[in-house]
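Undergrad: Sharing a structure, written as structure tokens. Questions coming.
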Amino acid sequence: MNNSVSNTARLLGAGLRALLVLTVVTGVLYPLAVTGAAQALFRDQANGSRVEADGRVVGSSLIGQSYTLPPAPGRETPAPDPKWFQGRPADGLGENTLNTRYRLLLSGATNLAADNPELVERIRAAQTAVIEDNSVPGHTVERSDVPADAVTSSGSGLDPHISPAYAALQVPRVARNNGLPVEQVGKLVEKHTEGRTLGFLGEPRVNVLELNIALEELASRS
Amino acid sequence: MGPVTAGVLQALALIGALALAHIPLGNHMVRVYTSPRHLRIEKWIYRGIGADPDTEMRWPAYLRGVLAFSFAGVLFLYLLQRLQGVLPGSLGFDSVAPAQAFNTAASFVANTNWQSYYGEQTMGHVVQTAGLAVQNFVSAAVGMAVAVALVRGFARARTGELGNFWSDLVRGVTRVLVPLAVVGALILVACGVVQNFSGIHEVGQFTGGVQQWNGGAVASQEVIKELGTNGGGYFNANSAHPFENPTPFSNLFEIFLILLIPVALTRTFGLMVGSVRQGYAVLATMAALWIGFVALMMWTEFAHPGPAPQAAGGAMEGKELRFGIGGSSLFAVTTTLTSTGAVNSFHSSYTGFGGGITMLGMMLGEIAPGGVGSGLYGMLIMAVVAVFIAGLMVGRTPEYLGKKIGPREIKLAALYILITPALVLVFTSLSMALPTPPDSMLNPGAHGFSEILYAFTSAANNNGSAFAGLNADTDWFNTTTGLAMLLGRFLPMVLVLALAGSLAAQQPVPATAGTLRTEKPMFSGLLAGAVLIIVGLTYFPALALGPLAEGLA
């Protein structure tokens, strides 16, 4: 009995020592080496691919943000600013519930099922809003024109991209609100449309932040 | 080019890359697990452990090593989380509550990486890097070690000896996982995955105001999360988060990393048992299942049946635009046919059938190609069952790779197959029968049941993905999924090692004209049939209540 207890203790000791030694290798040396190499070779990417405009950091090219008007009294959610291209909905983003002294950028999806009536309702409401926001005199948006990415929340809630179709749909509204010709804004969207990597990886897309930065430049020049 | 063509081309590119890469890696792993020489760093590690890497172990000793090491892992990771509040370098985050700390410790040690916590607001740098990421390495190395021990059971004769656990564990880390991870991490950083030790800091926004980011050693953790088929995300959104998976290329690269070692291990197996074609026969079954699942998934997701995808005009809820439906379907199938559980899109919002396909993938036991190590030993157990069934049909004593499958061997294999379904179905029914656990469901109807079935399927199979609407951070789910993960990981390992021991002790029987040729395509077909029929019969009633009911409604 005593013997088996001491054997077990010896074995657990070996297990613990193995864990500690391997923690030093894979939990200390490895991440430090990778961080060192990453900071030396790919400094921008390793620190979040920040984007600057007018000499100040305006976010990351990888992280979607909202382009809204200042919150109006009596409204729970701030309204989208019609001057700017809008990204995808982000209904799955939560609020800090832990360590609440921070207001960290969180990520998340809605996780609503394909047959959940609540999701169907949200999609319908989002379509109605997209139609309302983007129909300008002389240009009416139809429900069938609204692409899927405009009315669905992404997996992270931080999707930085929209489809070329959703960007094109917003062009008349954005042109009107910036006092720019529609063709010029349309060209800008085309210029910022990225095709599939190597022709077959991923989907064609438009980076909303980069597009809005270019739009601001264009508007300030004209 | 349409999105369907692009999706198919991505699948083909993946197959091509794996066809090239698995050969050198498979050959390398043979040397890793058979070479008598130790590297200098390994000698230091053995001295630190106080173990002699050259002693041969019989299966009980090998198992005791696995269990002692894993128990130490659970204990250490639990304490690290419980002490987070007082540890420096933790961003000032609080300690993790006991039930959740147990769940997370069990989860990462069991190679599951089920997460009932919110990554970016719960775990600081120390727990992520020195706790969670460490288990991503070592739990993968344990899986590979057990698989190699089983392969030795087939390869060796008239000995009970299966190798040395400490040596297999350490070499898996130093010669396979770390070198691949360093290269992979830098490729991911180049794509845009972050890698720093910044504290919480503010970054300006376009329309004014600021975002608060927590930096972190994300790339170094992301790479081993995929390579070791672990799946625990640094951030809540896992590989859907742009800082974990920024581009379509990084997406395909991460899928490649998930499949790399499990595929290469089939070659290692073939070479170690003296016939590389035996390895490829097993790989053929894995590949056929994977391709079939990818085809089904792409079909249902592109066709997007169901009220919400129909209303939206596409199944894009929970999916990132840069990956699209093709890149998301590939990831979803790969993560659930291996024991990974990382997600680049949220399975709960997939079409009804799409969600069912992810569940069925896990239910198959994650063997196509499965987790690192666990995929190979899971498939070899199925091979034992398949030759047994074939033996019954022709009335011969079944044998596999020259080893007789007698009563003891088939009992161990049958028990192995029973453990996971028992855990899944018992815990699911308990959760449905008790009054409070169903309160955790987010969605109504059949999908709510699917959330709970998914949770225990994922936990007991050591996957870790979720129908994430389920609020799993309750004492009930933290405790029961924690138990399901530990039992679903270590009970099968006991049986695998016992089987390995009894195989290694046998004298091989010479092949005759009546021997089933297990290196032929017919055997690959028999194996695929055995997998589908055995699993289909076990889980069909539960699937009918959940995803099938949803998909057919």
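The backbone N, Cα and C atoms fix where each Cβ goes, glycine too.
Remember, predicted model here, so these are calculated numbers, not experimental data.
The following feature annotations were taken from TrEMBL:
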type	residues	note
TRANSMEM	B:61-79	transmembrane segment
TRANSMEM	B:130-155	transmembrane segment
TRANSMEM	B:176-197	transmembrane segment
TRANSMEM	B:252-273	transmembrane segment
TRANSMEM	B:280-299	transmembrane segment
TRANSMEM	B:323-343	transmembrane segment
TRANSMEM	B:350-368	transmembrane segment
TRANSMEM	B:374-394	transmembrane segment
TRANSMEM	B:415-434	transmembrane segment
TRANSMEM	B:483-505	transmembrane segment
TRANSMEM	B:526-549	transmembrane segment
Undergrad: Check the transmembrane segment (B:526-549) against the transmembrane segment (B:415-434) for contact, please; criterion is three or more CB pairs under 8 Å, pairs 6 or more apart in sequence.
TA: yes
Undergrad: Which stretch, B:252-273, B:374-394, B:483-505, tops the Cβ pairs under 8 Å count with the transmembrane segment (B:176-197)?
TA: B:252-273
Undergrad: Could you pull out which residues elsewhere in the chain have a CB under 8 Å from any CB of the transmembrane segment (B:483-505), counting only those six or more residues past its ends?
TA: 58-60, 62-63, 66-67, 70, 74, 106-107, 109-112, 114, 146, 149-150, 152-154, 156-162, 374, 377-378, 381, 384, 403, 408-409, 412-413, 415-416, 419-420, 423-424, 427, 456, 459-462
Undergrad: Looking only at the recorded stretches B:280-299, B:323-343, B:374-394, which one has the largest tally of CB-CB distances under 8 Å to the transmembrane segment (B:252-273)?
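TA: Against the transmembrane segment (B:252-273), the leading stretch is B:323-343.
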Undergrad: Are there residues at least six beyond either end of the transmembrane segment (B:323-343) with Cβ under 8 Å to its Cβ atoms? List them, or say none.
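TA: Long-range Cβ neighbours of the transmembrane segment (B:323-343): 3-4, 6-8, 10-11, 14, 111-114, 225-226, 229-233, 238-240, 245, 248, 251-252, 254-255, 258-259, 262, 289-290, 293-294, 297-298, 301-302, 314-316, 350, 354, 357-359, 361-362, 364, 366-371, 374-375, 458, 461-466.
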